[in-house]
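*Asks:* Sharing the feature lines straight out of TrEMBL:
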type     : residues : note
TRANSMEM : 20-42    : transmembrane segment
DOMAIN   : 22-238   : domain 'MacB-like periplasmic core'
TRANSMEM : 281-305  : transmembrane segment
DOMAIN   : 284-397  : domain 'ABC3 transporter permease C-terminal'
TRANSMEM : 326-352  : transmembrane segment
TRANSMEM : 364-387  : transmembrane segment
Amino acid sequence: MLSPAQAIEISLGSIGSAKLRSALTTLGIIIGVAAVIANVSLGASFNQYFNDEIGAVGSNFIVVYSQNIDVFFDKELEIIRNTPGVDGVSPINQQMAKVTYMSTSRQIDIQGVTEDYDEVANFGLDSGTFLTDKDRYVAVIGADVAYEKFDKKISIKNPIDITFRREDGGVVTRTFIVKGVITDPETTFAQTGVEPEIRVFIPIDTMNEILGKEDYGGFFIKAESLEVVRETSDEIDKRLARSLGVPSRDLENDDAKPYLMFDQIEILEETNQLSTALSSLLTSVALISLIVGSIGIMNIMLVTVAERTPEIGLLKSLGYNERDILLLFIIESMIVGLIGGIIGTIAGIGAASIANDLLDVPDVFPVSLIFLGFFVSLLVGLVAGVYPARKAARMNPVEALRKE
């Protein structure tokens, strides 16, 4: 009776005697396992990236945007401010406008906000201070605007001219004094609209006065804690809908409401779902390589069985039974798969690390990846080796010896 140790020894000898063939056999497994490992790792890295991005803005962040003009006024601002769970709120208006500094002009997103926006949006200042509700013609600018957009750097106390398009179609230019420069953050999350480094912030009352309007484009809201974000968001939604005459039956129908609303938890869930779906798709494609690799192992093992037919006949004549022959060839197939899995796992982690560096996302390599690589390769080797092994085990020893 053949022991597993003896089967492993014989299998290693067989693999070693045909190095080129064994290397070509493992190539498909290496590529397949590497692709699976790299895609799973990239999916985990992107999930971590999105978590970090959202955390940088604040997980207790809620945004409401108007879908039409003349929707939000001071009444809605007070409704939100008085909603349980709200820690701070800033109304917001925005317009792409021409900003001129020392004869150089650029189109920049201008946002009108209140002093609460600083705390709600959770960003720091490189120099100066943020707006107060008493300010008039002053501006706080992003680091990119201050240091990159214009021919010369803008510092606090420097004047900038902003040309606005009024509600009545007119054009008006006003001069603002720079009061502060927002630090270029390590992370921003564009979907929330919070990219302070590329924007100019001015007092919303000043902006509305210049534009000739009284309504707000939306609200940036900070909940008291992460635990109450969803509850607070739902309550704000109910109160705004009631104030704007939206029937309660249409609360779940975004098309029936004149505004859009989302929170950071919702964004996180959606981005993680997107990342997971993309990773699953790529992994599914990578599995095709594994299937091709398993077919390659099966074909090579069939060739091996044919070449070693006399050896199989000799082993059977020496007393080895079908189980022994079956074990011998299955172990050989699994060893080939395992070798490919080890190399593929290392290659996959290396490829993911390079991709993470290029994409500027964190390296995430769960320990489970290593076990996944080994398990998949062993499974492929086992499945691919069953048919050739059964064919070898069922050989007639007399017929096998006759082919020598």
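One is the number of the first residue shown, and numbering goes on along the chain from there.
Glycine too: its Cβ is placed from the backbone N, Cα and C atoms.
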*Asks:* Take every residue in the domain 'ABC3 transporter permease C-terminal' (284-397), average their pLDDT values, and give the whole-number result.
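*Replies:* Here the predicted model's pLDDT, averaged over the domain 'ABC3 transporter permease C-terminal' (284-397), is 82.
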*Asks:* Who are the long-range neighbours of the transmembrane segment (281-305) in its own chain, taking Cβ under 8 Å and residues 6 or more past its ends?
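*Replies:* Contacts of the transmembrane segment (281-305) (Cβ under 8 Å, skipping residues fewer than 6 from its ends): 14, 18, 21, 24-25, 27-33, 35-36, 38-40, 42-43, 312, 329, 332-333, 336-337, 340, 376, 380-381, 383-385, 387-389, 391-392.
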*Asks:* Could you give me three numbers for the domain 'ABC3 transporter permease C-terminal' (284-397), the DSSP helix, strand and coil residue counts?
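*Replies:* Per-class counts: 98 helix, 0 strand, 16 coil.
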